[in-house]
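Some notes on the structure that comes next.
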Amino acid sequence: MDQRARPYRSVLYIPGSKDRALEKARGLPVDAIIFDLEDAVAPDEKVNARATLAAALEQGGYGNRMRIVRINGLDTQWGEADAKAAASMDCDAVLLPKVETTAQLDALVALIGDKPIWSMMETPRGMLNAAEIAAHPQLSGFVMGTNDLAKELQTRFRPDRLPMMAGLGLCLLAAKAEGIVVVDGVYNAFKDAEGLKVECDQGRDMGFDGKTLIHPAQVDVANAAFAPSEAEIDLAQRQIAAFEDCEASGQGVAVVDGKIVENLHVVTAREILAKADAIAALEG
Ligand SMILES: CC(C)(COP(=O)(O)OP(=O)(O)OC[C@H]1O[C@@H](n2cnc3c(N)ncnc32)[C@H](O)[C@@H]1OP(=O)(O)O)[C@@H](O)C(=O)NCCC(=O)NCCSC(=O)C[C@H](O)C(=O)O
Ligand SMILES: [Mg+2]
């Protein structure tokens, strides 16, 4: 699949130590999986989790899903061995937690070679350096770590996420400027589908490509929220058709449903249709 068109509506964390969850994910309709060696794995299980995960990836069965391995930080006792192990795992990218500088990404590259890298954005310093981090030549995506961010900011969790908006916004700007993927943080209350939908809709409106998830029950909500709706697809088709008619008659502006449609709106309309096609291709 063309990496630029790949959907990232649902990005599920799976503890690398849990055989049952590693098996379950083979049948879940997620766009991407983060196989976790960091916070979802207890210290006593970290070394075994590396081998468990390598075996699960070697066995395969994850289909078209993007497979990302999150290692422990390189300043921890597990990080370097995780990175070396991940370099030879059958995965698509390696995700480094708590990235604050491009030097940390260079250190990862020195250990794993040319595999694509992703960056967890979850500290104030990381967010202040987001523009430089996003521009790293081997970086393909940002994952927001809103639990760590809340801890660092000493904020309370609020449904509107107001205390996080500056950090989320800086990372969105940096990711969009560099054309890399940017995926929103997790919603901890995994049995609260209504609250998850509100947060997914907010993330979608802000421009995130998708949401990180912690439980299979969250997948359908995220897939629906980050996919173009039937109404959006219908509007995009009508905007393109109306603009082409206008162009043919020598005019530069069309009107659809009482709103102007110019060249730039047609670009957005084509992106919506391309995303719908990419989702259909992934699901097919
Ligand atoms: C939260 C959980 C501990 C709940 O697990 P459990 O009690 O097993 O839930 P259920 O009994 O409801 O599970 C039903 C079935 O689904 C499987 N399952 C559960 N979770 C997952 C999963 N994440 N991926 C795949 N499959 C999963 C169970 O095995 C059951 O299967 P079956 O027996 O066949 O019915 C658990 O969901 C969990 O551990 N979730 C992941 C937590 C995690 O990854 N945390 C770290 C990431 S969050 C983070 O760190 C973000 C960032 O860094 C930040 O700072 O914000
Ligand atoms: Mg974190």
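Glycine is no exception: its Cβ is also placed from the backbone N, Cα and C atoms.
According to TrEMBL, the protein has these features:
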type    : residues       : note
BINDING : Arg70, Glu122  : substrate binding site
BINDING : Glu122, Asp148 : Mg(2+) binding site
DOMAIN  : 9-216          : domain 'HpcH/HpaI aldolase/citrate lyase'
Of Arg70, Glu122, Asp148, binding-site residues neighbouring ligand 1, Cβ under 6 A: Glu122, Asp148
Cβ neighbours of Asp148 (Mg(2+) binding site) where a neighbour is any other Cβ within 10 Å: 18
Mean of pLDDT values spanning the domain 'HpcH/HpaI aldolase/citrate lyase' (9-216): 98
